[in-house]
Amino acid sequence: SKEALRNQALVSIVMVFIQLNIGATVGYAGVVMSQIPAISLDQNIIANSRNFSLKNPSTLEYNKALFSSLPFLGGAFGSVVGGISQAHLGQRRTLLLALPTASITWISLTLATSTAGVLAVRFLQGLVMGSMLVSSYSFTSEVAKAEVRGFVNGILAISQEVGLLLVFWMGSIITWRSLAVICSFGLTIIPFFGIIFIHDSPRWLAMCKSLDEAYDALVFYRSSAYDSKSELFIINEQIKSTKSSKLMNQLKTIRIDNYTHSIIFLTIYVFVGQFTGNIVLVSNIVSIFNDADVDVDEYASTIVIGIARVAGAFAFTCINEQVGRRAVLIPALYFCTPCLIIT
């Protein structure tokens with residue numbers, strides 16, 4: 001029905017803006033780093049300047065590394081916080097708390113008067129980013145129908161890259177403070193008001209034994225003509241089987257069904273993937289082009305890289321729908337290996 005399509009469109013817009021904010025948080029350091037000639041924890045940042053105008057170069061590289069890395073460290077803790085929060089409050093309430101906090105961190109970044117304050121805010125940004133990342137993907141997976149779940153998650157991944165591209169582009173034409181203000185209002189306030197009008201996840205409501213609310217949520221997301229009672233029954237059965245199965249039994253099931261090797265491989269892959277240089281590239285991209293001393297505009301080159309990342313995420317989503325993740329992952333790894341060696 002038109003009402004269900006409207007509700008699903010609202011959820012999609014909210015989740016896209018959340019991913020845009022996550023991408024902006026990750027990419028912010030990439031364009032701002034070149035505006036930091038030096039950082040020292042015992043100096044003050046001169047207000048209304050395009051640069052962090054500090055004078056002690058001895059701690060420059062150390063604090064630059066902190067500025068770009070702290071969001072990822074905060075994100076690790078934020079993922080845990082988000083997981084605990086969504087279990088008790090639900091994904092929707094977790095996001096309702098995280099979005100205003102994200103807005104406050106962006107504003108705090110523009111008002112910071114010391115390097116210690118800037119670094120603290122960057123860690124808090126990562127904390128909120130990790131919480132939103134976990135909650136938004138979990139919420140989308142539980143709300144979307146099984147047949148479109150993979151495609152929807154692909155759209156979220158594309159949105160993150162678009163957020164990255166946006167800060168690359170805007171960072172080339174405005175100051176770092178102005179960029180933070182735009183991210184604060186443009187990428188957090190809009191989804192906050194949008195999420196007020198949507199329902200909690202039907203699965204989370206069913207876990208809380210709020211079956212009437214879970215049914216209303218299914219009608220909200222599926223339409224009144226959809227057989228929501230049957231889906232609610234399936235959700236309830238899944239919850240009961242999960243709760244009745246102890247942790248050791250679940251681990252035995254994984255071993256019997258030959259999932260162990262896949263889990264070990266994916267765990268190693270995710271861990272090793274952090275050393276591919278992707279984080280370093282995104283966090284220092286303008287500085288890398290500056291240090292390379294090539295005869296091209298570093299900001300234009302950064303925007304080209306951002307466009308390539310969006311195109312890559314889009315291509316992966318489209319191909320993945322046709323041939324599956326494994327068929328895409330293996331050639332991508334073989335392609336990345338020589339690129340890293342050459343670099």
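Quick reminder: no glycine exception, Cβ is built from N, Cα and C everywhere.
Unlike curated records, TrEMBL annotations are generated automatically.
In TrEMBL, the annotation transmembrane segment applies to 95-113, one of the ranges 95-113, 114-132.
Confidence for the domain 'Major facilitator superfamily (MFS) profile' (16-343), expressed as mean pLDDT, is 80.
The list of residues near the transmembrane segment (9-31) in space but at least 6 beyond its ends in sequence, with Cβ under 8 angstroms from a Cβ of it, reads 67-68, 71, 95, 99, 102, 122, 125-126, 129, 132-133, 136, 139-140, 143, 152, 155-157, 159-168, 171-172, 176, 179-180, 183, 187-188, 190-191, 194-195, 197-198, 221, 282-286, 299, 302, 306. Simply put, out of 151-170, 176-198, 263-287, 299-319, 263-287 has the most Cβ pairs sitting under 8 Å from the transmembrane segment (65-83). Long-range contacts of the transmembrane segment (299-319) within the same chain: residues 27, 30-31, 151, 154-155, 157-158, 160-162, 164-165, 168-169, 171-172, 281, 285-286, 289, 327-328, 332, each at least 6 residues beyond the stretch ends and with a Cβ under 8 Å from a Cβ of the stretch. Counting only same-chain residues 6+ beyond the ends of the transmembrane segment (95-113), those with a CB under 8 A from a CB of the stretch are 18, 21, 25, 44-45, 47, 82, 85, 89, 121-122, 124-125, 128-129, 131-132, 135-136, 139, 177, 180-181, 183-185, 187-189, 191-192, 195-196. Residues 7, 10-11, 13-15, 17-18, 20-21, 24-25, 28, 31-32, 35, 48, 50, 52, 92, 95-96, 99-100, 102-103, 106-107, 109-110, 163, 167, 170, 220 of the same chain lie 6+ residues outside the transmembrane segment (176-198) yet bring a C-beta within less than 8 angstroms of a C-beta in it.
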